[in-house]
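Student: Straight from Swiss-Prot, here's the annotation block:
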DISULFID  C3-C14  disulfide bond
DISULFID  C31-C141  disulfide bond
DISULFID  C116-C132  disulfide bond
DOMAIN    1-143  domain 'C-type lectin'
CARBOHYD  S38  O-linked glycosylation site
Amino acid sequence: GCCPTFWTSFGSNCYRFFAVSLTWAEGEQFCQSFSVPSRGDIDSIGHLVSIHSETEQNFVYHYFETSTKDDTTPEMWLGFNDRTTEGNFQWTDGSPNDFTAWVGSNPDNYGSGEDCTQMVMGAGLNWIDLPCSSTRHYLICKLPLWE
């Protein structure tokens, strides 16, 4: 398989970094504007990035870090959220909840209104929950590889 122009492949998926200031829902909608030719049972639409292993986490973090090197405190949306059921985090692409990299006491649902997830600068554990209505300046969209 291959990735569309400007997208980067890793494993069986394609990733693209964008410097766009959007809320979480706007970011997910933005990612859904990208697609690859349908493969039937596999979702061919883009979503905010999901992460399923330490190697994928490291890849995404390195891509994020190298794309934002002029920014000292960059923050980037991930597709992980518990908007449907508090405490039950899910990925927007429907993939399994099988990996997390929360910082410290996160997710803490501070002020009972933090249902979305961002990645922050700092290798290793770097996910923090925050209000979905917040604006973040960066995101990575994820697509399946073209067959």
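Glycine is no exception: its Cβ is also placed from the backbone N, Cα and C atoms.
Buried or exposed, and what's around them? Tell me for each listed feature.
Tutor: The DSSP secondary structure for C14 (disulfide bond) is strand.
In sequence order, G46, H47, L48, L139, C141, K142 constitute the residues six or more apart from C31 (disulfide bond) in its chain with CB-CB distances below 8 Å. Secondary structure from DSSP puts C31 (disulfide bond) in a helix.
DSSP gives C116 (disulfide bond) a strand state.
Cβ neighbour count for S38 (O-linked glycosylation site): 11 (other Cβ atoms within 10 Å of its Cβ, all protein chains included).
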Student: For the domain 'C-type lectin' (1-143), provide the mean pLDDT of the predicted model.
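Tutor: Over the domain 'C-type lectin' (1-143), the predicted model scores a mean pLDDT of 95.
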Student: Could you round the CA separation between C116 (disulfide bond) and C14 (disulfide bond) to a whole angstrom and send it over?
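Tutor: On Cα coordinates alone, these residues lie 22 Å apart.
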Student: Hey, of the disulfide-bonded residues listed (C3, C14, C116, C132, C141), which one tops the CB count within 10 A?
Tutor: C116
Student: Going by Cα-Cα distance, which of the recorded positions (C3, C14, S38) sits nearest to C132 (disulfide bond)?
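Tutor: For C132 (disulfide bond), the closest Cα among C3, C14, S38 is found at C14.
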